[in-house]
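If you check TrEMBL, you get these features:
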TRANSMEM  81-105  transmembrane segment
DOMAIN    85-401  domain 'ABC transmembrane type-1'
TRANSMEM  154-177  transmembrane segment
TRANSMEM  231-251  transmembrane segment
TRANSMEM  257-276  transmembrane segment
TRANSMEM  333-356  transmembrane segment
TRANSMEM  376-393  transmembrane segment
DOMAIN    443-679  domain 'ABC transporter'
DOMAIN    740-917  domain 'ABC transmembrane type-1'
TRANSMEM  756-776  transmembrane segment
TRANSMEM  782-799  transmembrane segment
TRANSMEM  860-884  transmembrane segment
TRANSMEM  904-922  transmembrane segment
Amino acid sequence: MPVVQSKSLHQFYGRNESLKHVTDDSKFYDRRLRYIFGRHKHKHWWNRKESLRKSKPVKEDQYVTPVPYYRLFRFLTCKDVLLWVLGFTAALICSVCLPAVNVLFAKIAELFVQHSMVEEEPVHCNGSTQIFPKGNGTSKAGNKKIDLMHEMGIYSISLCVVGTLNLIFSYIFVSIFNRVGENQIYRLRVTYMSSLLQQNIGWYDTVEDRNFISRISENISKVQEAISDKVGMFFYFSFSSITSIAAAFYYGWLMTLVMLSIMPIIIVSIVVITKVQARLALREQSAYAKAGYVAQEALSNIKTVMAFSGQMKEIERFEDSLKYAIRAGRLRGIFSGCGNGLLWFLNYCSYSLGFWYGTQLVFHDNPCKKDPRGNYGPAEMMMVFFSIMAAAFNMGQAMSYTEVFTIGCGAAAAVYKVIDRVPEIDSYSTKGLKPSERSKGKIEFRDVTFSYPSRKDVKILNGLNLVIEPGTTVALVGNSGSGKSTCIQLIQRFYDPDNGSISVDGVSLTDLNISWCRSQFGVVSQEPILFNSTIAENIRYGKTDASQQEIEDACKLSNAHAFIAKLPQGYETRVGERGAQLSGGQKQRIAIARALIRNPPILLLDEATSALDTQSESIVQEALEKASMGRTTIIVAHRLSTIRNADVIVSLQNGVVLETGTHETLLTQKGLYFKLVTAQTRGNLEGHVDEVPEKIEESLKLIPEQTEDADSFDAKSESLAQEETIKEVAKRASFFKLLRLSGDAASVQGATGMRLGMVTQAIVTIVSSIGLGMYILPKLGGFAVAFMPIILVASYYNIEILETQQIEEKLATEEASSYAFQAVSGIRTVQGLCKEKKFIEMYSQALLPPYKKAVRNSHILGLVSGLSQSLVYLIYGAVIYYGAYLVLHEGAKFQHILILTESLVWTMLTLGQTIAFAPNYGRAKVAGGRILSLLGRKSSIDSSSNVGEIITTCEGRISFDNIEFTYPTRKDTKILKGLTVDFEPYKHFGICGPSGGGKSTCIQLILRYYDPASGKVLLDGMDIRSLNLSVYRSQLAIVSQEPALFDRTLAENIAYGDNSRDVSMDEIIEAAKSANIHSFISSLPNGYLTN
């Protein structure tokens, strides 16, 4: 008889396991960080191809080879190994229960047969010898009357003992394998996070698969499935098969050999199926990863997508990427279905052969005495038959987990590739010189040539020679692409030059310790990155031990203290993801404060004041000039008025120094710098308006007066608020949307396919078995069915526990993974600030609560698993005993008892299979609920809607009519207060005001990213809310402060400006010429086809 596997197994996202039991949290993290940063690295280089375009098919040679299964356990510690061995032993002992139950079942069947033969005519073997002599309840041992109830009592108690043992050891191995799996997954998550932050910037530029956050959510969870409780269940099923076959050989080797004659075919089939499944699973995951990157790019740049009505284009690109995943998934499903069907066909052939040959041995070929082949009676035949049947079934169950293991191996491949890669520039390296004194600030470029890893054929620097003396302020100027920002990045050693050297204080950067070197710089970039924490904490990233007074002094120096002090929570105000709750100017001032608080000997300012208004810029510029005193300062600026006072101005062209000197000197030389200044001055003069019409002047004056205080939040949200349809996936920007697309979709997928088929099979089997039992023997059928609620209740609580845990765990792990998202998306800032270990520590701390919860629940789930499995034995014993009573006292036929009990066993078996995947159902329910909640939500601004008036002509008059507005995230703070202004067509208008005054808010209202609380925004006298949104936005064009480009060709990025039609190449070139970038594009090797 096959055992019933009522398995309650669980997998969680991101639960962690302590490496050692400790009570001191600081020691807890210190040990982990030492483990991560001091771990042995496999010295494999990861040379990945340049990213392919959007919807190219994923070629075979692009797939990462699945790792060998044993490598999934590379993070085992000695303690884990001991626990693993204990769990292995418990699974082995638990598996012995199966042949024991089969022996008991055979004896029970024999007992029923013996009783049924009483007072019947003798049955002869080969016409001569009786199997059971005629008599009143005799047995093979003699004429002693059978005490059926006494014997059944013994067997029922034996079943209860076996069930108790099964409960104990099932609890042990399920809980242990879960715990060991959690240990490894914790280390895997932290190690992967650490490896991501360790990689050099050049790798991020060239790596093809950039779906790093999806790896944390999706791939690692699949690895977790492959190394946790399912490993224990695989051992259990495998050992059960082996012990059952061994018992079958012991009781009847000849019949066993005959039934196993089909086994070689089954084994070959299993090997072939497993290999093909592994290949198809890897192909499917590679395609999903590519689609995930498309989604990540679209959601991260949602402003641009919405502004240019590119939703359908991005959806199509996403669907194109998914086609390959769907195709691979379907092939895998078809092959798995055909393979499983073949295996079951072969199993049934083995059963048929066993029945036929077994009856031959009992009735025809067996002389009813010991012979070399053994003595085959009903007990021996049934013992062999059900042992082989159970072995085949459990082998099939064990093989069903191979799909999980192969998927885990494929999922681990991409993760391990990152972990095993040794970066060319290792930010964790302890090698190199660490001078005891601060840097003096002398920087020298000597014959430096450089090209970016992603475009090796384009030289950015061509033998650059430049000496920057200590304490001087040097400004780098030049046309776009001349190498100005490249110099800043080379100084920080984000890249190494192809040739030549860069030195600080006469020592080559490659000879200096990289962390020490970067600690000497204070950097403010053109697009400052703030992290989702408080303002004070963001500034403290510049100096870990900074006091509150130091933070305030730095903010005063950067002209940020005034607006921070007016916020309700002051310096404890959270800035949102990437500083989404602040305007561009406010973010830049905080970034300047973060750089200044380090008191660095070298300041690197790359367009540091580009996002500031004129008033703020002059104040901050003055502060930067004061801060530059006594330290080396390198400035990159397009606004040349900000560098007039620089000690040295260096003009770069084609990657070399063209001229150097002061502002006055270079103007007299009338070289490149002179041309740049002249062109910029002419642009300013041409854009100057001598006389502003009175009406417009009055309207413009209303803007600062009717908006919130100049230093309040502009709430220039990166996430465009919650009202955009595609943004509704979550409230917390692109990271959580990606988790929904990858993690939640994968969770729903985990409860469908093969598992959905198993549920359907279980339902049909349960209904059929109940119907058969009630039809054949209603009393015993009703008695057996009465126990089913016990199994169902156990299953319900099993799933309920899992579901609750899944919800709690998802919230906790999403919060933890957000640190990974912030760090990876701002990798230059993290490495520049040397805060890799800080983010890993925060990530580890965030994973601790779900770990503790997982440890507690692993015991509960192990107990529920063992109980639900053992209940079957207890119920089976009770049903058999009651069946014997019906045979003795109510004349029931033993055949009916056997049919009904066997039906009960198969019912419980299929129910057990369903319960085995309860974790998958629990996760799917939580994930599906969140997805359905998203799909069912109606947006007040639906960019996909066809509703609204379609305009055919547009004059271009924009009017604000008594506008009042507050951002959805801060309903209590009014940004615009009765704003009324009219922008006449065919004229240029400038909206000015202090940083945070509401300027960008007006632009976002025009684009209808938000609707005003009251008042109207009008286009040619029509309320824009009455217009078709896609058509309306097609009349607008925007160049934002932080422009976003997609992983497409330059031509496709330009054509993205009009997604309503196919833009011709002539139009693209004409647009590029108008934007003064055609010459630059043409100089590239691939021109407009450059990705």
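Positions of Cβ are set from backbone N, Cα and C atoms, glycine also.
Between the transmembrane segment (376-393) and the stretches 81-105, 257-276, 756-776, 860-884, the greatest number of Cβ pairs separated by less than 8 Å involves 81-105. Most Cβ pairs within less than 8 Å of the transmembrane segment (81-105), among stretches 154-177, 231-251, 257-276, 860-884, belong to 154-177. Listed by sequence, the residues of this chain that lie at least six past the ends of the transmembrane segment (257-276) yet keep a Cβ under 8 A from its Cβ atoms are 245, 248, 335-336, 339, 342-343, 346-347, 349-351, 353-354, 357, 384-385, 388, 392, 395, 399, 402-403, 406. Mean predicted confidence for the domain 'ABC transporter' (443-679): the pLDDT average there is 87.
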